[in-house]
Every structure is written in C-alpha cells, then in structure tokens.
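To start, the structure under review is shown below, and the notes come after it.
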C-alpha cells in the first residue's frame with residue numbers, strides 16, 4: 001500500500017524551514033503532496049501560480065512530490081484525496097500549542113483515519129517565518145540563507161518591482 005501525505009501551507013514565500021520539512025517528509029512517505037492553501041485572510045506577496053512555480057523549482061530534486069493548490073478546509077481536501085498523514089512543521093513550543101488544537105479539530109473532521117505527523121524543523125531555521133521574511137525584505141534587509149536560492153531571487157525581484 002502506498003503511504004501518502006500532505007504538507008500544507010501558504011508558502012508565501014517558501015523558506016528553508018519549509019524545504020527542510022518537505023525533504024524529510026518525502027523520505028518518510030511514498031508520495032508527498034505540497035498543498036498550497038488559498039488563505040483569504042492574508043494578502044499574499046506571490047500569486048498562487050508564482051508560489052507553485054517557485055516550489056516546483058526548489059523541489060525539483062525530490063522525485064516523489066507533487067504540488068497542488070486547494071481552497072477551503074484542509075480536512076476536506078484530505079478526505080477527498082485519502083491521505084494517510086498530514087505533516088506539520090514545528091519551530092517552537094508556541095507552534096505546538098496552536099498545532100495540537102488544529103490536529104485535534106482535524107481529527108474530528110477526517111473520515112479515513114488520517115494522522116497528523118509533527119516534524120521539528122532544523123534549529124537553524126526555527127526562527128524563520130514567511131511573514132518575518134516579507135517584513136525584513138520590505139525594509140531592505142538581507143535574508144540570504146533563509147530561503148532557497150530561487151525563492152530568494154524571486155522575492156528580491158518582486159520587492160524591487162513594487
């Protein structure tokens with residue numbers, strides 16, 4: 001039986017912390033879907049197509065992933081596609097408090113026995129968030145080494161053109 005999982009987020013932009021989780025989760029499962037969530041409560045820097053293109057480029061070395069976009073509840077998407085696991089990355093204990101609530105709610109909504117798998121991010125990336133990256137870049141700060149190279153190029157181009 002093929003072991004399938006999804007790692008979902010807005011990935012606006014994808015960070016080295018995200019990529020760390022993607023690479024490790026891809027080693028744990030036969031197939032990993034990177035699910036780009038449409039989040040209407042956030043104003044994204046990158047369009048969905050741009051995020052999908054960036055993620056495709058920075059994960060091209062990983063053979064067992066696919067990238068998809070979804071709108072609505074993650075649990076509905078999981079139920080529709082029958083994933084065995086939802087992968088969540090944890091940076092700090094503050095993430096855990098929020099993520100445990102989400103995992104418990106999602107467990108009520110999953111119809112196929114889907115489990116939530118928590119992976120601790122590499123400590124080098126534990127302070128990184130997409131929001132922090134966008135804020136630093138908007139003020140001209142240096143984020144080299146915090147994003148995959150292609151994502152770093154794209155965010156600099158995007159900010160320079162605004």
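Quick reminder: no glycine exception, Cβ is built from N, Cα and C everywhere.
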Of 99, 115, residue recorded by TrEMBL at the ATP site of 10, 11, 18, 89, 90, 91, 125, 126, 127, 128, 129, 130, 131 | 99
Within the predicted model, mean pLDDT of the domain 'Cytidyltransferase-like' (6-135) = 95
Which of the three DSSP-derived classes (helix, strand, coil) applies to residue 90 (ATP binding site)?
-> strand
To the nearest whole angstrom, state the Cα distance for the pair residue 126 (ATP binding site) and residue 74 (substrate binding site).
-> 24
